[in-house]
Amino acid sequence: MMSLPVLLLGGVVGILLLLFVAIVVPASTAKGWAVTISLIAGAIVINNSVPAPVWGPVGLLLMALLVIGAARGGLRMGWHAGSLLLVIWLTLAAFSALISRGIGAEVVGLYFGLLLLLGVTVTALSRREVRLVLRGILILACLEVFLAALEFVFRFVPLWGYRGGLMRENPFIDGIVRDQGTFGHPLVMGYFMAVVGVIAWNGAAAGLRRGPRVALLMVIAAGLLLSGTRSAVLACLTGILVHTLMRSHLTSWFRNIILIASLAIVVYLQSVNVSRLVTDLLDSGSWTHRLNSLGSVDALLARETGEMLWGSGWGTEVSLYDRGLIPMSFGLKVVDNFVVYVLGTMGVIGLLLLAITCVVIFIRADSLGKALVVVSVTMFFSFDIVVWFFGGMLMVFSLTLPKTDRANRSRRTSASRSRALASQTP
């Protein structure tokens, strides 16, 4: 149980934050402040390693903040097919959890309610608010890397301890454990660093100049290394590649050819080297665990028709292990592959809906949005991204972020026209 002074302090901070968004900040940026505070607080408190009596009240506070921000700033919705599909998928996951009783009803209401409110609010952000939010999470990234560096140098125990008591060895730096900042797990920290890495690479959306942008990229690279998350490094690099190709001045058909060829080369190299890759990485228990999860796809598709289509229910993955549908490795009943997790718990329909959602959002998004979709989808194959509370918040934010390229192009076009008119003036 938490001490009374800590509870009182938390209550005072919560009231001050509500008043800050409700009264202090301008209405034009209220949604942006609500989203920024929600993501920062989520990174610190909304994670699976935090006791429910702690994260539950914080979740309610963040929901109230988002409602107040939306009420003050207005919801001039930037709805499109991808946003609607994401809302439908989240709603389906919530109903699946309620019907199957995979997780408690109060957790379903808090967690999925927070995700839906976050998605709706982010979709309605103005250009100015997007810049505010992006700068806020970039500052958060610097603070998290600083905390990770303290873990590395002084061997501090992370804020919420090690998940399951496991101290995971860093594959990049011999002799140290993987750092996790306040996220409760190195995978979640790695996912966050991959997302902010793409945002820093973009630079323009957050209004970054070249110097701060380079410095941020160096800090984020250090964060990726300290997290020891190989899949996050791959996700970040893939996102940067997609962003670079989408932003290049190549003609669209040539750019698409390069993108398709690049992906084909990656698939080919992975296919011809897969046996060597598996041999090299079998000593890593995480890779063995994920291979076992992928091996369960046939069994999950062979279930009776109703369960195959709709799944066993969100949060019921333990029952899939108990029934032998997913092979267990190292005594862990954790899937660590979101594609397999969704197939098992939400069935073919849930997985198809998620895939269609990501494709539609990718097609509609600008270069930054496309890169963020790629980062999230890449991380699907590394861990159960939405099962982790902050992972779900980060995915929803990444998939609902409004376009930023159009505003940048409009400003550049206006500036060019102004210069042209000025040059023609006698």
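Just so it is clear, glycine is given a Cβ too, placed from its N, Cα and C backbone atoms.
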Residues flagged as transmembrane segment in TrEMBL, choosing from 24-40, 109-125: 109-125
Residues from the same chain, set at least six apart from the ends of the transmembrane segment (109-125), whose C-beta lies under 8 A from its own: 31-32, 34-35, 38, 46, 56, 59-60, 62-63, 66-67, 69-70, 73-79, 83, 86-87, 90-91, 93-94, 97, 133, 389, 392-393, 396-397, 399-402
Stretch-level contact, the transmembrane segment (137-157) and the transmembrane segment (188-208), CB cutoff 8 A, at least 3 pairs: yes
Contacting positions for the transmembrane segment (215-241) when only residues 6+ beyond its ends and CB under 8 Å are counted: 138, 141-142, 144-145, 148-149, 151-152, 168-173, 178-180, 186-187, 189-191, 193-194, 196-198, 200-201, 208, 262, 371-372, 374-376, 378-379, 381-383
Intrachain neighbours beyond the transmembrane segment (83-103), with Cβ under 8 angstroms and 6 or more residues off its ends: 112, 115-116, 119-120, 123, 310-316, 345-346, 350, 353-354, 356-357, 360-361, 386, 396, 399-400
